[in-house]
Every structure is written in structure tokens, then in C-alpha cells.
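Peer 1: Can you read through this structure? Questions will come right after.
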Amino acid sequence: MIEALDLLMSESLWAAVLRIATPLIFGVLGALLCERSGVLNLGIEGIMTMGAMTGWLTVYLGGDLWMGLVIAALAGALMGLLHAGLTVPLGLSQHVSGLGITLFASALAYYLYRLIVEVGETPPTIEPFRPYAVPVLSDIPVLGPVLFTQTAPTYLALVTVAVLAYVLARTPLGLAIRMTGENPHAVEAQGLNPNALRVGAVVAGSALMGLGGAFLTTAAFNSFFPEMVQGRGWICIALVVFASWQPGKALVGALLFAFFDAYQLRLQTVVEGVPYQLFLMAPYVLSIVALILVARRAEVPEALMAPYRRGER
Amino acid sequence: MTLKTNRRSLMIGAAATLALPAYIRRVNAQSVTKVAGVHASPVENAWNSRIHLAMQQAAEAGLIEYEFSEGVAATDYPRAMREYAESGVGLVWGESYAVEREAREVAADYPDTAFLMGSSGGPEGDNFGVFGTRNHEAAYLAGMLAGTMSESNVFGSVGGYPIPEVNLLINAFRAGVSEVNPEASFLNGFIGAWFDPARAQEAAIAQIDAGADILFGERIGTADGAQARGVKAIGSLIDYTPRYPETVFANAIWNYGPTIEAIVADIQAGNPVGKDYTEFSFMEHGGNELIYVADMVPADAIPAMEARQAAIQSGEFEVPIDNNEPA
């Protein structure tokens, strides 16, 4: 028991929390941006797979790592455009379209990968992002090794939280996006085009999801596997609710989930006689519990999942 | 003489033309067995890659003709099996772990086609053969090398799910370590996924933090954790050393060739194939082997390991098979 508490004091645990949280942070911010404009994007799991594949492939074919991230974001944006096209101007079911995008994008990623990359015994590798110790800051005791010796995409994820929070809360564009999610008629009355805002938000949100996927193949690991996203997208969808559609809380949610995961991997090594499945379940169970506690007070965007048609009342 | 076509000769000619492919197929069947592989995962996933490679080698050697599907979902699996059986292949190879009942139903519908399935169950009827994965002997030998190399005497392992084939492998590794190192203690983590290298890596790092300095990587990603922290790792099924040259010093290789040769011989001899082909994964048949980098292991550890290896090959020593979940 003492050992289990000792684990909480280890820098390594908290560094792992940030690593595990990074793809979730990108994913949850992307899903949040889509939903703030009124569009549920269940394509996330497939879009992350697409981002993981294209980001990796870019580097494999000779691009540099940052180019990989850019291409992954573009691939995500393209999938987002497809989802937006189906759900915003056409007003189709967001659930059906989103799940369709997930199936389509996962299969397409696998297919393109197979066309371009030769089958080998293990998938080919790239040189991934290495942890980068930020000068000076990384020398701070405890905080340094945890926060300032991460890979570049992790820093990017943290910056993105701040940027998105600022844009949504403090800029006219953010106000317009939020208003589109609450009351698109009011947006129209302001002389803005709610559907254009929605398409833009879904495309941008999907680009973030693509980045989340790319983290898995360009920083956390150095190869692509078609199944490697492993449900992280679905977790992000739940985390949006947990976060009450707010970027800051989304960061907390992603870190909390990652903490449970990092902690259970370590608990498996010190606690004996408890079935490992209980540990594996822990992050999910605790997320559900947290969801119940938090989501009751959540303020759902009023117009979420309601397609907007001009002149309709 | 003029050539005249009457109705009778036309009929005979047509019948012969129609029968020709069937005749050719019969003749071919006696020399080359057509094999269709139905892979549930992409073929570069470690386990499938071993089978895929052995199939390709058998095809190059002229023993079989090989075609395959990959990434076949469980819901689609029986359909793919049927399609191949309908197309007239001699052997449908697959993995029925997730579709035991359906796969057996398909096999019962095609009694003239042989089926060989990676399975948790037993064989069935005359045409449903099964095999298990056994590279535990090589894992045992890898453990004997690892046992002498640790400074902390803590040995880790990262597995996917605690199914018998994973458990017995990790347990064999531990038994090998314990034979040469009575002070050894063990850690294990399951990641609850077959393909989540990022998580396998985090599990490896968690064990290294808890003191492990040699890791047995049942799952890909384990060696990445070892590499990041500068400790050593052992690979399973395939040779991971080229991928992690400073990190992976030994690999418990699984060779599927002997299994293919055994079932093809049975098919060509007309023997029923409804049996368990697991034995052909044993070292005695060349079904698994240890490969290691001699420069990376202490020289005095090698003779003992080689003596054990000879004893296993000759049948003098049997590596214990322990299916219990490693703690």
C-alpha cells in the first residue's frame, strides 16, 4: 500500500501522464471545437487513424517531422470537410455520417498504407520526435523533468489548449462559433453565415484530431499499425462532455484519464493478487464516475446536432 | 476429307472443353496444394508475419500456391472462409480464436477442403485441424541468458492478454531465468490490447521504474521502453534485433514452416487433417529457435544454455508448459 502511494511521488509517473495525455488533448480539443459549433464529430477515431498514417508516411517518404504534422492535420481537415459537407449543408444525421467517416477513414488509411509501403516482418520505422529538454526550465526540480523534457508535439498540445481557450472565449470569431452552436438563427441575424462557421469549425477541429493521431506515430512510437488508435477517439468524445465543452477543463479531463492509465500500469507492478483487468478498467470506470458527477451540470450547446436551414423556424 | 461439324461432335467438344479446367485442377492438386490464408490482422503484425513468411517460402519452394486476405473482421470471417473453400483451394488457413463456432460450421460444410486454424479449441471431424503457438522453448533459453545479465535481479514482461499462449510463454521465460538465477523476481503487465505499442512502451517504462532491467517483450513497443531507458530486452516470435540493435539481445523465434510441411504432406497423402498440429511448433521439429547476439551476453552463460538446447532438441528435457496467468 505504501508502495502504491510512493508511486504518486515519482517524476516518471507524471512525465508518463503527459505523454499518454497528448493524443487525447489534441483529440478532445478537436471534438470540442466541432461541438461548440453544433456538429458532433464521431469520425474522430478514423480521423486520428488517418492522421497517424499520413503523418508517419510523410516522414517515411522523406519529409521532416513538422511536415508530417502539417500533412496529418491536412488529412484530418480533409476528412472533416467530408463530414461537414454531409452534415452541414446537406443536414444528414451527424451520428451516421460520423460513424461512416470513422469506418471510411480507418479503411482508407490501411488501404493507402498497403499500397505505398511494402509488407515486411515488422512495419518500417522513422526517426521520431525525441524528448526535448527546454533550456533552464528543465532544470527546475520535479517540474522540469515532468513538464519540460517532453517531445515537441506535447508542448504544441499544451499551447493549443491556451490558444483555443483564448479564441473561443475572447475573440469575435470564438463568439460567432459559440453562438452557432447555441443559436444559429442569431448568427444569421448578425449577418454571419452559420453554416460556413460550422464547416470551418469542423475542418479545424478535424485537423486537431489528425495531429492527435500523428503523435502516436511520430513521437510515442515510430511505426504505423492500422489498429493503433485503440479507442482513444471515443475517449475524447466522452471527455468533451466531462469538460462541459471548455478547453481548460478538457485539458484537466485528458490529464486525469492519462493519470489513471499511467498509475494503473505502475500499480500492476507493485500490487499483487488483484486481477490486472481491474487496473485496466480503472481509467474507464473512473472517467464514467467523473462524467456522472460533472456532466449533470454541463451546459450542452443548445443547437448541437440540429442542422441549420436558412429561413426555417 | 472435309471437316464436318454435326451436333454430336459439337456436344463432345463442348463437354471436353468444360471438363478441362476440372481435369487440370485434379492433376495440379496432386503436386501443389493451393492454400488460402485468412488473416484477421494485417500481415505485418508479428504473429501473422511469421505465418505469412513461411507460406511465401513454401510457395517459392513449389510446395504450395498461396493467396491471402488480411485484416478480415470477425463478422466477415466465415464469409471469407467460404469464398476460398468455394474457389476450390486445398487448404484454408486461418485463426478461429474469435470465431470458433462459425469456423467449425464452415469446415463441416466443405468436407473436401482442409482447414487449419490457430485455435484455443481442439480439432474437429476429418478436415478441421488446429495449431497452437509454441516458442516457449526458445523463451526458456532466452531466460537462461537473461538470468545472468541482470544487476537488479528484477525481470519484467509485457503481454497483450493473459491467454494460454501468452501465459505459457512468459512462464517459460521465467522458468529459464530461475534455473540460472535463484534470486530473480518478476514483474508483469498486460496492456489489454494486441496492438497498442505506445501503451506497451508505457508498461515497459513502468516496470523499469519498478527496478526491472531486462524485459521480455511479448508485445511490440516493449523494447522501445527498454531502449528509451537503456536497459535490455528480449523479442518474441520475430527477430527484433535489427530494429533495436543496442537493446534486444535475444529473440524467441517461431518458425511456421514445419507446420505447413506437415499438413501439406497429410493433404497430399490423403490423410485426414482433423488433428492438432501444435507439435510442429516445438524445437524438436524446428518450430522454434533462439537467436541471440553473442557479443551482448556473458560468454560463460552460453555453454549452459547450449547444453539445455541440445537436451530439448533430443527430447531429454521438456520445458514445462504453465498456462496460469503470471502474477
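Keep in mind that glycine also has a Cβ here, set from the backbone N, Cα and C atoms.
In case it helps, TrEMBL gives these features for our protein:
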type     : residues  : note
TRANSMEM : A:12-32   : transmembrane segment
TRANSMEM : A:39-59   : transmembrane segment
TRANSMEM : A:65-86   : transmembrane segment
TRANSMEM : A:98-117  : transmembrane segment
TRANSMEM : A:155-177 : transmembrane segment
TRANSMEM : A:197-221 : transmembrane segment
TRANSMEM : A:276-295 : transmembrane segment
Peer 1: Does the structure show the transmembrane segment (A:65-86) and the transmembrane segment (A:276-295) touching, where I'm treating 3 or more Cβ pairs under 8 angstroms (sequence separation 6 or more) as a contact?
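Peer 2: No, the transmembrane segment (A:65-86) and the transmembrane segment (A:276-295) are not in contact.
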Peer 1: What stretch, picked from A:39-59, A:98-117, A:155-177, A:197-221, A:276-295, has the most CB pairs under 8 A with the transmembrane segment (A:12-32)?
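Peer 2: Result: A:197-221.
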Peer 1: The transmembrane segment (A:39-59) and the transmembrane segment (A:197-221): do they have three or more Cβ pairs under 8 Å, with pairs 6 or more apart in sequence?
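Peer 2: Taking Cβ pairs at least 6 residues apart, the transmembrane segment (A:39-59) and the transmembrane segment (A:197-221) are in contact, with 3 or more under 8 Å.
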Peer 1: Can you tell me which parts of the same chain pack against the transmembrane segment (A:276-295), counting only residues 6+ beyond its ends and a CB-CB cutoff under 8 A?
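Peer 2: Distant Cβ neighbours of the transmembrane segment (A:276-295) are 235, 238-239, 241-242, 244, 253, 256-257, 260-261, 263-265, 267-268.
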Peer 1: When you scan the chain for residues with a C-beta under 8 Å from the transmembrane segment (A:39-59), skipping those not six or more beyond its ends, what do you find?
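Peer 2: Answer is 23, 27, 30-31, 65, 67-69, 71-76, 79-80, 83-84, 87-88, 94-95, 97-106, 108-110, 112-113, 116-117, 126-127, 198, 201-202, 205-206, 209-214, 216-218, 223-224, 226, 228-229, 231-234, 236-237, 304-305.
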